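Pulled from Swiss-Prot:
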DISULFID  CYS91-CYS160  disulfide bond
DISULFID  CYS110-CYS117  disulfide bond
DISULFID  CYS284-CYS288  disulfide bond
DISULFID  CYS327-CYS364  disulfide bond
DOMAIN    79-405  domain 'Peptidase A1'
CARBOHYD  ASN134  N-linked glycosylation site
CARBOHYD  ASN261  N-linked glycosylation site
SIGNAL    1-20  signal peptide
Amino acid sequence: MKTPGVLLLILGLLASSSFAIIRIPLRKFTSIRRTMTEVGGSVEDLILKGPITKYSMQSSPKTTEPVSELLKNYLDAQYYGDIGIGTPPQCFTVVFDTGSSNLWVPSIHCKILDIACWVHHKYNSDKSSTYVKNGTSFDIHYGSGSLSGYLSQDTVSVPCKSDQSKARGIKVEKQIFGEATKQPGIVFVAAKFDGILGMGYPHISVNNVLPVFDNLMQQKLVDKNIFSFYLNRDPEGQPGGELMLGGTDSKYYHGELSYLNVTRKAYWQVHMDQLEVGNELTLCKGGCEAIVDTGTSLLVGPVEEVKELQKAIGAVPLIQGEYMIPCEKVSSLPTVYLKLGGKNYELHPDKYILKVSQGGKTICLSGFMGMDIPPPSGPLWILGDVFIGSYYTVFDRDNNRVGFANAVVL
């Protein structure tokens, strides 16, 4: 018969053998759009130069459908975290983006005229003992040019842990990623992040590269194949939030999680029943498709419908696609209701109006933006951080579903 002490030891060993949740602190930064506006720059030329896509309109060999989503989202990305690539880890700040599926960072071999490369961390394969050459070229087309480079293989550490912090991390071995040697235009010069870590489905991965989270699942590095986001919407609040790999944390939400099935395994796409602006306006009549995208800070919809929405809340065009509302009117604006899975998700005006500094003054911007995504991928609504900040969000690959619960205010 085992003694109580031995039993406790066995239970302790069993408990330690299970995987804890991996926590990646997120920091909030000023978006590219706001940075360029502050210095008097313009992104309108970029926006007007044709289809501005996160990824090229190329097809996976498994499908004849082109897959695309818009780079315009990255102009408004606001949250990033740290990862490491190589052994020992070389640290990079990346946007954890559920609207794409590839990992890329700048390369030490970037072109001499690539200004964005100068001001960001660069991966150096010579400094990694786990680097394996791949060399396949990759090309991600944008409206003003293309982000290009070649693929490499190495170990990805999440989080980076080069600071010897005590936070538990994981190492994803043999991960294929992009070394970017050329970045387009001036857009990424203003970016506070080095690269992108896509967390969408493999279907939209350029060059059919296995996404980091899929590789992590294959290597059985987490107990549950889910990840979740808490975003701190306090403009002054740090940390900016937390990404959890392998689980959820109830301290970040109250009530129960409500789930929606993914309708297409490319982006994290779900069905939206409708969107209402107070009692004045109903959009997405008869239902529409929406993607849950951590890579954009805004709530985006078809141009004509969003024009109606902006009018209903009294927003007027400012510059660079932004709409402004007099700050003194914010408290009297209507509540916006997104109906998902038969349940209403409320966005009160203090949640969808963004207070930002411009020219030393505080102005109030609409958190909605119009953008048309053509068939076959579109039309789509994009539920960005304006929505995710109010609702703790769970991305469940085991059951191909997305969960929402009311986020707490820390």
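Placement of Cβ uses the backbone N, Cα and C atoms for every residue, glycine included.
Features as recorded by Swiss-Prot, highlighted on the structure.
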| residue | record | DSSP class |
| --- | --- | --- |
| CYS91 | disulfide bond | strand |
| CYS110 | disulfide bond | coil |
| CYS117 | disulfide bond | helix |
| ASN134 | N-linked glycosylation site | strand |
| CYS160 | disulfide bond | coil |
| ASN261 | N-linked glycosylation site | strand |
| CYS284 | disulfide bond | coil |
| CYS327 | disulfide bond | helix |
| CYS364 | disulfide bond | strand |
Alpha-carbon spacing, ASN261 (N-linked glycosylation site) to CYS91 (disulfide bond), which is rounded to whole Å: 35
Site with most surrounding Cβ atoms, counting all protein chains shown within 10 Å, from the glycosylation sites ASN134, ASN261: ASN134
Alpha-carbon spacing, ASN134 (N-linked glycosylation site) to CYS288 (disulfide bond), which is rounded to whole Å: 41
Other CB atoms, at most 10 A from the CB of CYS110 (disulfide bond): 21
Distance, CYS284 (disulfide bond) to CYS327 (disulfide bond) (CA atoms, angstrom): 28
Candidates CYS91, CYS117, CYS160, CYS364 (disulfide-bonded residues) - the one closest to CYS284 (disulfide bond) by CA: CYS364
CYS364 (disulfide bond), number of other Cβ atoms within 10 Å: 20
Using Cα positions only, nearest of the disulfide-bonded residues to CYS160 (disulfide bond) (CYS110, CYS117, CYS364): CYS117
Among CYS91, CYS117, CYS160, CYS288, CYS327, the one of these disulfide-bonded residues whose Cβ has the fewest neighbouring Cβ atoms within 10 Å: CYS327
Rounded to the nearest Å - Cα separation of CYS117 (disulfide bond) and CYS288 (disulfide bond): 39
Minimum Cα separation from CYS288 (disulfide bond), reported as the residue among disulfide-bonded residues CYS91, CYS110, CYS364 that achieves it: CYS364
